[in-house]
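Enquirer: One structure is given below, represented as structure tokens, and several questions about it will come after.
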Number of protein chains: 10
Amino acid sequence: MSKKSTATETEGLTQLGHATSLPASPDQAVLERVPNPHPDQSYCIRFAAPEFTSLCPLTGQPDFAHLVIDYVPRKWIVESKSLKLYLGSFRNHGSFHEACTMDIGLRIKELLSPRWLRIGGYWYPRGGMPIDVFWQTGEPPKGVWIPEQGVPGYRGRG
Amino acid sequence: MSKKSTATETEGLTQLGHATSLPASPDQAVLERVPNPHPDQSYCIRFAAPEFTSLCPLTGQPDFAHLVIDYVPRKWIVESKSLKLYLGSFRNHGSFHEACTMDIGLRIKELLSPRWLRIGGYWYPRGGMPIDVFWQTGEPPKGVWIPEQGVPGYRGRG
Amino acid sequence: MSKKSTATETEGLTQLGHATSLPASPDQAVLERVPNPHPDQSYCIRFAAPEFTSLCPLTGQPDFAHLVIDYVPRKWIVESKSLKLYLGSFRNHGSFHEACTMDIGLRIKELLSPRWLRIGGYWYPRGGMPIDVFWQTGEPPKGVWIPEQGVPGYRGRG
Amino acid sequence: MSKKSTATETEGLTQLGHATSLPASPDQAVLERVPNPHPDQSYCIRFAAPEFTSLCPLTGQPDFAHLVIDYVPRKWIVESKSLKLYLGSFRNHGSFHEACTMDIGLRIKELLSPRWLRIGGYWYPRGGMPIDVFWQTGEPPKGVWIPEQGVPGYRGRG
Amino acid sequence: MSKKSTATETEGLTQLGHATSLPASPDQAVLERVPNPHPDQSYCIRFAAPEFTSLCPLTGQPDFAHLVIDYVPRKWIVESKSLKLYLGSFRNHGSFHEACTMDIGLRIKELLSPRWLRIGGYWYPRGGMPIDVFWQTGEPPKGVWIPEQGVPGYRGRG
Amino acid sequence: MSKKSTATETEGLTQLGHATSLPASPDQAVLERVPNPHPDQSYCIRFAAPEFTSLCPLTGQPDFAHLVIDYVPRKWIVESKSLKLYLGSFRNHGSFHEACTMDIGLRIKELLSPRWLRIGGYWYPRGGMPIDVFWQTGEPPKGVWIPEQGVPGYRGRG
Amino acid sequence: MSKKSTATETEGLTQLGHATSLPASPDQAVLERVPNPHPDQSYCIRFAAPEFTSLCPLTGQPDFAHLVIDYVPRKWIVESKSLKLYLGSFRNHGSFHEACTMDIGLRIKELLSPRWLRIGGYWYPRGGMPIDVFWQTGEPPKGVWIPEQGVPGYRGRG
Amino acid sequence: MSKKSTATETEGLTQLGHATSLPASPDQAVLERVPNPHPDQSYCIRFAAPEFTSLCPLTGQPDFAHLVIDYVPRKWIVESKSLKLYLGSFRNHGSFHEACTMDIGLRIKELLSPRWLRIGGYWYPRGGMPIDVFWQTGEPPKGVWIPEQGVPGYRGRG
Amino acid sequence: MSKKSTATETEGLTQLGHATSLPASPDQAVLERVPNPHPDQSYCIRFAAPEFTSLCPLTGQPDFAHLVIDYVPRKWIVESKSLKLYLGSFRNHGSFHEACTMDIGLRIKELLSPRWLRIGGYWYPRGGMPIDVFWQTGEPPKGVWIPEQGVPGYRGRG
Amino acid sequence: MSKKSTATETEGLTQLGHATSLPASPDQAVLERVPNPHPDQSYCIRFAAPEFTSLCPLTGQPDFAHLVIDYVPRKWIVESKSLKLYLGSFRNHGSFHEACTMDIGLRIKELLSPRWLRIGGYWYPRGGMPIDVFWQTGEPPKGVWIPEQGVPGYRGRG
Ligand SMILES: [Ca+2]
Ligand SMILES: [Ca+2]
Ligand SMILES: [Ca+2]
Ligand SMILES: [Ca+2]
Ligand SMILES: [Ca+2]
Ligand SMILES: [Ca+2]
Ligand SMILES: [Ca+2]
Ligand SMILES: [Ca+2]
Ligand SMILES: [Ca+2]
Ligand SMILES: [Ca+2]
Ligand SMILES: [Ca+2]
Ligand SMILES: [Ca+2]
Ligand SMILES: [Ca+2]
Ligand SMILES: [Ca+2]
Ligand SMILES: [Ca+2]
Ligand SMILES: [Ca+2]
């Protein structure tokens, strides 16, 4: 059972429970972690982040995406508020769709050393064609339940 | 009853029942009409045309739209094949969204002198923002049933 | 209360409770009526008939439609089995979309002399464009509840 | 405010808080009412009852319906458990779709003397054609908010 | 324009920007208001609150609802954090569906003296039948845009 | 066949058929079981619990979730009323999303010693990002049918 | 080809083509079979039965379910009318959700000795929590196409 | 590339490009084929045919279905117009749901000798229960992409 | 007809057809207009902008919204690229939901002096409750067709 | 990390950042590529192109399709603007559905030499029957995440 671990889980965190301003860039964002409350079980955690925006590195125009991140933790889970601030740090940062999605996935992987991780980046259309990017660290671990993300495809109009 | 009027309705038509090629422009398209089979009743006819495309007059790039046309006929109804060819004639024709939608509505109105007509142009997004254009010839005639077109709004992704 | 009226309501009917074969044409179909069980109330009855098919009078090819009929009865309501057989009688009968929808509405109106009636004909696409036909006998009677038919528009693909 | 009225509202009820068996017929069902907690306001109460079943009076075969009841109370509101038992009492009772829907609406109206009431009966298809029945006691009272019931139409397959 | 009014709008508030615990009951909740940033315009504000729960006053069992509140402000608009805490204060409070929905609407009305207000309470089913409650303060003000709430009806299974 | 086992199945239960109040915490809740009516067959039982709420252990603010539990019983199945009361016992209990979902799954597993079990916790968004937690006891048993839970992803607005 | 087998297929049946009353209990229902028209092919037959109802064995209150049955026939296929009557025979029969679903699956299995069979029971919510039951006779036969049943999960309100 | 093969592909066809009347029965229908434009690649072709109708061999009443056919061609692909006419030839032909679906699949298989084929027959409900029939010629070929057909299940009403 | 007006419509514009960077604030954005191509007709133009983001003036955290703007032009229509840049200029600008939505509506109104205008702001949830803001300049002009915006309500999870 | 690679990635491109006109045919279109920003990771890129149109090679009439392309890059990724122009080049080019879909897939494969690629062509109905074409270069690479495309099937009307 995990009921007594609350205090331990959150000490040392720099952002949770404090007023925080949006980091100026992904490099300045502090992505933090807390102990996995159930390190002896293999389970999957999903974050849906429909409020993602960055800039096009060629034109400086805003880009928008719906991101969904799935991972199977080992020793650590990501602290949600720091994840929110990290994603917010792309607001004025230029990045191509493919690289941006991958970079986010790789950074979380680096922080958590999870058993497995995947990220789906569902970008809003440009030139009438949306791009989706799907990456995972490899074959999902056997015996772990990882449902499809099921984000609806882009239909245009009609 | 309207069962015996088939022959009369279609004679004089130049396109129905013939092989026809796509008109090169809206000006060259021949929009045709047949007698209203129930001229003594007020009813509404709806055409949904999700296969519409034209060109952007500034950039020459293709535009796409889903069009829905509703009208209450008086003496004439539009002949469907000629309508299809007329809509197809915008394929290599430059036109802004607002003007294009209006022009189609006005041309059908001119042909049919209907009691009432409306056109909804549901354009695919450009720059992340779709434009819809809604025009009707005026207040719908009293006592005639005209359901909403109900074309789903654009949702982006997520 | 209407509980004792069952016997009266159905006597004289020629099709209900009997084996019946499909009438060869709308003219041969016998559309029947039973007494309105609540003639002192104004209410609306809706039939949805998604299994309608007729023939194109020009090409002989099959046409399909989803029909929805609403009416506010006066003295009579339509007997459902006879309605089903009447609609089935269009199976090998040629009729244009507009006329066919109207003819069905007019025939039921003639049989029932309802306070009000409407019919929506939602035809499957031909040449990429479906036709819908919407007819009602006039302004709906005041104070009677008549919800929208809400049949989804045609979206093409995507 | 209505916070202290709980005891008063429920005393005298014969079914709420007791084990109850299904009444054998609508006639044997005891439909009960409690005081309107806000008799000085005009508001609408909606019950959705997707678990309704009765018998066909001709064949004895089961019929099913989704019922939705809206009303604007005056002095009384219906007690939900008694409503549930009343609707359950049609289980082995023969009734035509049109009459059954109307009878339920009329019985609740008689009990409550509401300012206004309506019932929508959305019956499962027979012979491929579902019947809906829509009844209201008259023009909805002015200034009261009564949203559409919005029950999806029957689509067949595909 | 309303750009400079931020400081004024929030001073005097007791909960916004402070750590706050859930009020023990609706009576102990402090519902607060801020000046309407556009008092010279008639517009509608909608809050959707799908996270509402209270207790059944008869059984003590939890009830759940999705609430949607629309109002047209006069001098004041509700401060969102205090609204959230007020709604949270029903967590361990007993209230019938009809009265609970009405009480919330009346309390907000009392605080804001809006031009107009309505509340829709969409309760989770009990005994297989959900109850919806719809109340507004009267006829919506003319010329103000108030879209339907469009909460999907309950469908049971299938 | 299982028709005669009803009496046996329910004797010894402390909550079914009795008035019961909400347990004050998960520790005080009594989760109960009854014999599997078909212990010689491998089948899956799913409970959907869209009415779940707990408290955030950091802020004391309410959290909401939609839970779905699937299991393949061995000797026992869970008694539904006790499950409902157990889930209700989190109402005033602080728990992080990940730990809470896992704890529920582990407790049911402990009670039933099922052949297999999984739990999906679909939490309402906080900070714009909902968390889902997916756990199963291991690879699903071969030859048993376990459909996807298919809970729609969070889409934000639009 | 199977075109000439109609007569053979239906002779000996006791219910098809005759007026039949609802059997009083599952034990009294006569479930019948006809020869598989394509015994040399492995294919799957699905029946969706959204009109199922039984009684709660504890309280006598009605329960409702949407059932979906899939099977891969060997020598026999089930005769639809007898299946309908068999399902109707639960109308006044007490049965728990889990056992009821399983019993139906086992009875059809016994009648047909199919290569494989599964049944999904999607029950309407009680106490806010619906139960689904999923059973199959074992691993689906290799090379046979058996799509997911895809019955939408229960969403509560909102 | 396949650009020059058009002439070859269509020569010898008897129906494409000609006026054609509906064949009187499946036996009289001429199902035709054209060369596979990419015989060196393994790909899947899907036809959705929501406009299918036949007759019940017992009662002569119309039946309707939505058919979806998938196949992986070898040397030949089916010519669409002849497929349409073949499906239309069931219009006045009696056939049971199971046999009819299978017969269509077998006839196309015989014509094309494809690497693999499947057919889904989604029939409209009779007696409140729709039948679906799913057949494939065997295990799908490895490495070929064959998405699920995803035809929505029948939901009844509500 | 409007076909020859392209050149005139776009001359004098400072942004269309040029590389442009995102304005630093709404004040610095240049919202531009072009002549209405059909000034003699009353029609409605809708822009859907699901890619809107601004900052919370209290916390500096990002806010997101889906905006939909409808207007009936008089002499001018808005130039889409400048509208896109104007909306983009809120990216690093602090604004409350209600004021932000209103300010955008008022600015476009000021630029175009339209016959009528409305804006719907559908904001992403904060604290579990999304806010929608609905404003129009007054009663819609008679005889002009203005469909509902139909943006789906927020449902939480489940 | 890929942050510094922007300049390198786009140099040598002939279309990105330039005004470009629609190529007259697929042969004249210049499909371009840029370096894969994460060549050491296996990930999938999806383009949805709902704005595709070509001509029927037999009749010259327009055809429409929704295309979805998935691929796992090796050294190169496709440059989006050139892909858009390539797809636009089919506008006045005749091609059968099956061949057209395949040709597009093969051309992108030839350009990129990806680890794996697939294309789904979802064509609008002709003669009431839409054709879908599904092709992939072979078994998807192990350990790479490739979600289903999930394009809704064609439903006709109703
Ligand atoms: Ca890149
Ligand atoms: Ca776009
Ligand atoms: Ca223009
Ligand atoms: Ca006609
Ligand atoms: Ca078509
Ligand atoms: Ca009757
Ligand atoms: Ca009360
Ligand atoms: Ca319930
Ligand atoms: Ca934790
Ligand atoms: Ca939130
Ligand atoms: Ca049991
Ligand atoms: Ca057969
Ligand atoms: Ca039926
Ligand atoms: Ca403000
Ligand atoms: Ca070809
Ligand atoms: Ca067609």
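A Cβ is built for glycine as well, from the same backbone N, Cα and C atoms used for every other residue.
Note that the coordinates shown come from a computational prediction; the quantities given were computed from them, not determined experimentally.
Pasting the relevant annotations from TrEMBL:
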type	residues	note
COMPBIAS	B:1-13	compositional bias 'Polar residues'
REGION	B:1-21	region 'Disordered'
ACT_SITE	B:Cys56	active site, thioimide intermediate
ACT_SITE	B:Asp63	active site, proton donor
BINDING	B:Val78, B:Glu79, B:Ser80, B:His97, B:Glu98	substrate binding site
Enquirer: List the Cα distance (Å, whole number) between B:His97 (substrate binding site) and B:Cys56 (active site, thioimide intermediate).
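Expert: Answer for this pair: 8 Å between alpha carbons.
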Enquirer: For B:Glu79 (substrate binding site), which DSSP three-state class applies?
Expert: coil
Enquirer: Please report the distance from the Cα of B:Cys56 (active site, thioimide intermediate) to the Cα of B:Ser80 (substrate binding site), rounded to the nearest angstrom.
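Expert: The separation of the Cα atoms works out to 26 Å.
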Enquirer: Among B:Cys56, B:Asp63, B:Val78, B:Glu79, B:His97, B:Glu98, which recorded positions lie by ligand 3, judged by Cβ under 6 Å to any atom?
Expert: B:Glu98
Enquirer: Would you kindly give the Cα-Cα distance separating B:Asp63 (active site, proton donor) and B:Ser80 (substrate binding site), rounded to the nearest Å?
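Expert: Given the Cα positions, B:Ser80 (substrate binding site) is 23 Å from B:Asp63 (active site, proton donor).
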Enquirer: Using DSSP with the three-state reduction, classify B:Asp63 (active site, proton donor) as helix, strand or coil.
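Expert: The three-state answer is strand.
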Enquirer: For B:Asp63 (active site, proton donor) and B:Glu98 (substrate binding site), what Cα-Cα distance in Å is obtained after rounding to a whole number?
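Expert: Here the two Cα atoms lie 12 Å apart.
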Enquirer: For the residue listed as 'active site, thioimide intermediate', what is the tally of other C-beta atoms lying within 10 angstroms of its C-beta?
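Expert: By my count, 14.
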Enquirer: In sequence order, which residues at least six apart in the same chain have a CB under 8 Å from the CB of B:Val78 (substrate binding site)?
Expert: B:Leu31, B:Glu32, B:Arg33, B:Val34, B:Ile45, B:Phe47, B:Tyr71, B:Ile108, B:Leu111, B:Leu112
Enquirer: Enumerate same-chain residues with a sequence separation of six or more from B:Glu98 (substrate binding site) and a Cβ-Cβ distance below 8 A; give 'none' if the list is empty.
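Expert: Once residues fewer than 6 apart are set aside, B:Glu98 (substrate binding site) is near B:Ile131, B:Val133.
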Enquirer: For B:Cys56 (active site, thioimide intermediate), what is the secondary structure state per DSSP, taken as helix, strand or coil?
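Expert: Coil, per DSSP.
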Enquirer: How many other Cβ atoms are found within 10 Å of the Cβ atom of B:Glu79 (substrate binding site), counting all protein chains shown?
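Expert: Result for B:Glu79 (substrate binding site): 21 neighbouring Cβ atoms inside 10 Å.
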Enquirer: Rounded to a whole number, what is the top Cα to Cα distance in Å among the residues the record ties to substrate, namely B:Val78, B:Glu79, B:Ser80, B:His97, B:Glu98?
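Expert: With B:Val78, B:Glu79, B:Ser80, B:His97, B:Glu98 as the binding residues for substrate, the largest Cα distance is 25 Å.
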Enquirer: Determine the Cβ neighbour count for the residue listed as 'active site, proton donor': the number of other Cβ atoms within 10 Å of its Cβ.
Expert: 23
Enquirer: 10 Å Cβ neighbour count around B:Ser80 (substrate binding site)?
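Expert: The Cβ of B:Ser80 (substrate binding site) has 20 Cβ neighbours within 10 Å.
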